[in-house]
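Some notes on the structure that comes next.
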């Protein structure tokens, strides 16, 4: 049992037994399929539970981590201290006029589907991003010349004082893979995107096209966290890595993808250390060859 068992009992006062676990392996919750256990993992089913959990964590000085769909996360082999709050059960999506509103845990593919079903265009870029809308707002996720900054209208967040506030597009300060949510440690609980009216057939065609492009170019057959590195200004990370002769480079069960050099993948049986060692070698080699620093797009968290 871990050091947070007394805190676990406090949380148990407002969680059902199936919504709170101890020493939950993070490899079961993230796309990379690596990582040690979370001391406590909770899956809230309403906003009140989220607020109560955050208040307790802050009152007792217990660290916490917000988890969406786990698609852009690398958890170290030592696991995560404190509490992981997983939003997968907060996934309601509603549509009103040209706006789609989704709870933080709603998957981007499902928001994209809701937009399609209501003949709304502009969210097609997100159809293949394997994340939640909360995570997408957090990092201003994007693909294929689209990003959340292009469509976001507003978001409801929990601030550092556990107060719920509404932030406009401008107040969210969305930049390249960044936001005020990321900078200030806010927690997204709901987001609204504003789209344009379109024709079902043309929207569906674009979704199908982007899906085919993604499947043909990305190593979806292996666990990964998507694009491992941010795009350096004036360059493409994948090309720098490929031109450094690193395609297929591996350590343990982790490797640079043969299909797309911008992806570090879990070929099978990788540890988080394997992945981190591959990332470090890629960064060092690209720096030596091109004097360009590659920064990770994947979030690296946890204990060594």
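From the backbone N, Cα and C atoms, a Cβ is placed for every residue, glycine too.
Here is what Swiss-Prot records for this protein:
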| type | residues | note |
| --- | --- | --- |
| DOMAIN | 33-198 | domain 'FAD-binding PCMH-type' |
| ACT_SITE | 177 | active site |
| ACT_SITE | 227 | active site, proton donor |
| ACT_SITE | 297 | active site |
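Annotated features taken from Swiss-Prot, shown on the structure.
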| residue | record | CB count, 10 Å |
| --- | --- | --- |
| 177 | active site | 18 |
| 227 | active site, proton donor | 20 |
| 297 | active site | 18 |
Any idea what the Cα distance is from residue 227 (active site, proton donor) over to residue 297 (active site), rounded to a whole Å? 7
Looking only at C-alpha atoms, tell me how far residue 177 (active site) is from residue 297 (active site), rounded to the nearest Å. 8
Restricted to the domain 'FAD-binding PCMH-type' (33-198), the mean pLDDT of the model is 96
